[in-house]
Amino acid sequence: AQGHGAKGDNIYEFEIEFLEPVEPKPVCRMTQRQLNITVQKKESNWWERLTKQEKRPLFLAPDFDRWLDESDAEMELKEKEEEKINKMKIESRVPKDPFKHLKKGYLIMYNLVQFLGFSWIFVNMTVRLFILGKGNMEIRLFSKMVGFPCLTDSFYDTFHTISDMMYFCQTLALMEIVNSLIGLVRSPLIPSVVQVFGRNFVLFVILGSLEEMQSKPVVFFVFYFWSITELFRYPYYMLSCIGIEWKPLTWLRYTVWIPLYPLGGLAEAVCIVQSIPIFSETGKFSLGLPNPLNVTIQFPFVLQIYLIALFLGIFVNFRHLYKQRKQHLGPKKRKMK
């Protein structure tokens, strides 16, 4: 090797005549500090010494961090055998789950159904957006002249077109809380509760109970952000059930939520803010207590409190997903040999 030492640039070389034959092609690996050369014995047995000459060369010194003699090797092999036996004993004590395949089949079907449902929502909304998003130019000009909204606008009838499927998917999503409660999945309970109940509150209470809210453009953005997120989440879980990991899908599952969760939360907040005047005017869901208290709990006030809880919930889910992203996409720690 050519290198720069105390005496300037020089050619460095050495020779070692091993005690017994070795493989002719050593494995070389260059690091920033040194050159590592690994030489493999032709026959796996213990040597009395390294070289044919009995006296060790002056430049040769053992690396005791990696040194292993015959007694150490036997001890290490014995420990590995004991560890294997103990593991087998522990596994034999754990009762086998007779419903394992049934549970796996249920989870696969659940994630598949949810994926198909949200795919239908996403495709339907996307197609309608491109076909009806701008509307027919003549109809739009006529609508502006008369003063009526353009009925061909895809935003106008998003709820009436998509709501049935969204009702189905979000009602079925309650099973995610049940799955977490009974230990069928490893997902923590609190993030599941926050997401499912948060979405269902907006869907059933805000949008489902107020016809005035159902034709607002914000409904389109709420449904669209929800569906895009689930397009990657449910296939990822479905493949995980059968032990398959597709790296592009894993990356999308733990990356797409970064812009979509804040945008979805913002759309939900806008939806709630727009509903507050309507609830104030109609008095819907406001609760009047009987005399002598004569106190009324105004539902718009409850919504204002809920807005704070909404952003706290987004923070909880954001933190949970960020930890998961670091776990699945972060740098892997190398095990020390």
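Just so it is clear, glycine is given a Cβ too, placed from its N, Cα and C backbone atoms.
What TrEMBL says about a protein is an automatic prediction, not a curated fact.
Some features that TrEMBL has for this protein:
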type     : residues : note
DOMAIN   : 1-51     : domain 'CS'
TRANSMEM : 106-131  : transmembrane segment
TRANSMEM : 216-236  : transmembrane segment
TRANSMEM : 256-279  : transmembrane segment
TRANSMEM : 299-318  : transmembrane segment
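In the predicted model, the domain 'CS' (1-51) has a mean pLDDT of 81. In the domain 'CS' (1-51), helix, strand and coil residues by DSSP number 0 helix, 20 strand, 31 coil.
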